[in-house]
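Going by Swiss-Prot, these are the annotated features:
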- 352, 353, 354, 355, 356, 357, 358, 359: ATP binding site (BINDING)
- 743-818: domain 'Smr' (DOMAIN)
């Protein structure tokens, strides 16, 4: 990455923003020096740290990083014999040791949980050297405010100093209280000169008090006298202070020599906490600004390293995808854009009006690549996927060089020449207004030749232009894609949205009109443009309208599909509940029959015993016959009661199935008017292609449609729209009819996880389970976000939370239903 590219894209401002989230001065300095990397392993490790820190941050379990003054400057020369740190230096070392101690305290609960041990931040903190001994050593010398402890060897000297000071104060008070001397003094308080206590005496009393004169006032009216009886005491005080300083120096030297033994650990810990502070800053920025860590795409394999989101809606593998990307320096005014290139595409040509957002889109793409390769998150949607480039270069804006006397065009060509020289198949090249600044025909020819060369090198190229020929170039090359910035024809202003696959217009005349150019000039301009240009303009407008219609149709189709799925799910759930009711009824019936037979068995045993023990009489014979008749009647009653309950269940099941069953098509034949259910469009059968497939004319299109997606129109004379019909599709591949108390999503794709969550919710409701767990892991957070979004939308969820560290931590979510 060249300094020119970093400067043009204002990467230094990104560093400043993230550095502002740092806690330590060393962390800020580290952030401000960070540059994009090309070592994929290092970038992935950095991103993994950020992802895991963000996960802990969202779970309110982030490691503590405390402010502390820089330590490294104090370590210079520390290992020299006799070296002594001052109190400030000792305090800085102590605060570092205290920071490490706090991190290791935070680490303790994580070490007891194997799942949390996989978190890269936990592993990172584990590697920071233990500094408990150093912490205890330093804080036995000073307290946590940086003040000296009450050390025994210093305490004796301080007591001696205090005793001498008390003696001096007592002697001095005599001068201020004695009537004979008090009138000689200029002040009733002693003062200090050169570290010795003196009294201020009026000059006219000179010689009246024996002692040493230290100084005269400027006016000469006062002199400062050290009384004779104080001289020796002052000497003793100065000597005591010197003794104190010598002892303090000895203690500091001894402490410093012990600290020096930990120099390597101090440096290692300092480096680790500095890096952790930078990682934490990027994660806090991500948390505050809805940023994500972009998924990774390996250009060598042309697929996503993490698999998720590596294909577009049509299943085409992607090589570059910005999803709802917002330029980080535009704040809330940034309009989210989507940019994508499939694995076979290499050049994106963006056209459209000035001030429409073309250049901002280019800068966003390039800046995101730089941020991503620094290991930092980007302000975008969760589907964002970026490859790793070994060279990122741009030619943007007015590159005119005044000091080299180069024109705008010359400056551009000089820059482009250097870019072409260095470009390769893992390069990202940004070219703004390629071929401008000179004759349009020649500029356009140069632009196409440059793109030919970059295409041959298989470089990724994002280019903006006003040249109409470059739009045609985009359609004539297989690896090129046209795009445009949207323009609102009603307001005559840009919307700043990117339309993929559609070329744009400059709209110069429309913009001129909006900015007040007189109407007669506007009309004249249209005349000069000519009809051919107007026809092309209308064609492009038509394409844009078709593009919008298609997007609207796709959105409508998705909404209908979601409604179908929800209706189908509700119906399946209802049927499942009925089946559960049927099962409960059968269990209840079996229980009732068991009780019934047990009661009759006991009665029969008693009857047999009576017959054995007594003589057979007519009364006993009649009694047995009566019992048998009663038994048969009771048995018939039980059977009828169960049969009636079963009939009710069967009727409800049948009603549910009939309500949701799609009517069978009558005999299909050529010319029959039909409704395509999945498209909600009318059509006419042309012919049967093969068994179960028909060729259908829909508007101006001919489509091959599956027979089960076709419904015959009731009125064959007039086509009409029909609402889609919900049908129940039984899932024979369902793994279980019972919910799991611990649903594992690890290794699933997004669609599989979504279905597993829905099945779990349905089964939990049917079986009356009020709490279960979801194991989604940490990773890039995709499965975690998907699970939490699902739970937020579900009306059956009472609450959900991350598991406690001892339960599994942030890789697991506990769900309560209510």
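Cβ from N, Cα, C; glycine included.
Keep in mind the model is a prediction, meaning the values are calculated, not measured.
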Reading the DSSP string in three states, the entry for residue 359 (ATP binding site) is helix
Smallest number of other CB atoms within 10 Å: among the binding-site residues 352, 357, that is 357
Across the domain 'Smr' (743-818) the predicted model averages a pLDDT of 82
Per DSSP, the domain 'Smr' (743-818) contains 33 helix, 19 strand, 24 coil
In chain order, residues whose C-beta lies under 8 angstroms from the C-beta of residue 358 (ATP binding site), counting only those at least six residues away in the same chain, are 350, 351, 352, 432, 464, 485
